[in-house]
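Straight from TrEMBL, the features:
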BINDING   GLY151, VAL152, VAL153, GLY154, ASP155, THR175, THR176, LYS188, LYS197  NAD(+) binding site
BINDING   GLU230, HIS293, HIS314  Zn(2+) binding site
DOMAIN    115-225  domain '3-dehydroquinate synthase N-terminal'
DOMAIN    227-375  domain '3-dehydroquinate synthase C-terminal'
Amino acid sequence: MSAVRTALYAQVADIRIDTNGRDAASVHGAVESALGLVDIVAREPRRLDVESPRGAYAIHVGAGLLADGRQLAEAIRGRHVLIATDANVARIQLPVLEASLRRLRPDLVIAVHCMPPGEAEKTLGRWQEAVAALAKLGATRDATVVALGGGVVGDLAGFAAATWMRGIDVVQVPTTLLAMVDSSVGGKTGVDLPAGKNLVGAFHPPAAVIADTAALSTLPARELRAGLAEVVKYGAIFDATFLDWLDDRAEALLAGDPEATAEAVLRSCRYKADVVARDPFERGDRALLNFGHTFGHAIETEQGYTGATGGLVHGEAVAVGMVLAARLSTALGRAAQADADRLLALLQRFGLPTRVPAGLDPSALLARMRLDKKADAAGLRFVLWDGAGRGVIVRDVPESAVMAVLAG
Ligand code: ADP
Ligand code: ZN
């Protein structure tokens, strides 16, 4: 190659590949991986540091973090580890996590506690089994619970960590999109009682969150969509431009594109971490995160908890709830109809339900909402919006307006 050409190429090139002594196939491979910059970016773990009353913690997001294992190994202080998980996740993700941990931390004494999957298992009985497993392990005050699974495992294992010896570390390793963007961040832990969801629990922020987006590849499509509803929620209450971003990336997110997924998880965690840092114990702003949830919980309770009965899963119920909250905002003159229409369209793009399931009685739903924790003495309290991106807590919402939206 002439010196002139070499100099010119050096000036304009974005990527340089040495072809000396390489065959065509090998050059082809090098070009492909150099052009696959997007993929490389996605594989690079990203980190978000979060303040909490128990001290700062890191949220790591990236594809392959469980196989890598470094972030997990570094988050464990003592010698005892209880990995809490459910039967599905134990089959799919546990072997990788356990192998990483044993490779990087041969000093650890590790036990595994596995529960059956499903919200119906988030009980005091299962909590008792988890703390019994800690006792059997001989867990000391510097022991760590690793919560490997969806929101159910995270809440239950987090509560076991919160209560064992008045509180030991929990590392949240969420394996559902919903848990990555919502339940693993912010420190709420607990179990359900027959009288209602999450009635017994504690604020217990994690020592670290490790969100391996590669784990989502085995998640059923329905669960992925349900998680996307909570992602949409952040745009709805905090940032209209995030709704545009989601609209742009809808196909990529549904296809599990690693770059778009990592970005959506990280941005969601940031919105949540910001509001939780301002209001860790939900005395004010944090309640905005309940957008769509007063309606959603009423639907969930009225239909009976699990999706197994043919009803909606949590994220789906929240999708319907957000549509109703947006309609109620329009009816109360707080927001334009166009905002509600736009939210509806985005949720539909994600394949989420947007109507109250047939057979649920509006007055029964209203009665459920009167019992909701978010109803205070003065009347029904709702999280509504003053248009896309501007969530607002509204007290004394007239029941007639709520009924009109439910029946409509
Ligand atoms: P959520 O995180 O939505 O609150 P769960 O903890 O109930 O929900 O998890 C939803 C279901 O998905 C459970 O049956 C659980 O075993 C299963 N699950 C969790 N993570 C994965 C995964 N990465 N791949 C496949 N199934 C998973
Ligand atoms: Zn939720």
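Yeah, the Cβs are placed from backbone N, Cα and C, and that goes for glycine too.
Where the annotation comes from TrEMBL, it is an automatic prediction and has not been curated.
Assigned with DSSP, the residues of the domain '3-dehydroquinate synthase N-terminal' (115-225) fall into helix, strand and coil as follows: 51 helix, 32 strand, 28 coil.
Residue counts for the domain '3-dehydroquinate synthase C-terminal' (227-375) by DSSP state, with H, G and I taken as helix and E and B as strand, are 109 helix, 0 strand, 40 coil. Sitting within 8 Å of the Cβ centre of GLU230, HIS293, HIS314, and not among those site residues for Zn(2+), are the Cβ atoms of LEU178, ASP182, ALA229, LYS233, GLY292, GLY296, GLY315, ALA317, VAL318, GLY321. The least crowded of the binding-site residues HIS293, HIS314, judged by other CB atoms within 10 A of its own CB, is HIS293. For ligand 1, the neighbouring binding-site residues among GLY151, THR176, GLU230, HIS293 are GLY151, THR176, by Cβ distance under 6 Å.
On the backbone, the CA of HIS293 (Zn(2+) binding site) and the CA of GLY151 (NAD(+) binding site) stand 16 Å apart. A mean pLDDT of 93 is what the model gives for the domain '3-dehydroquinate synthase C-terminal' (227-375).
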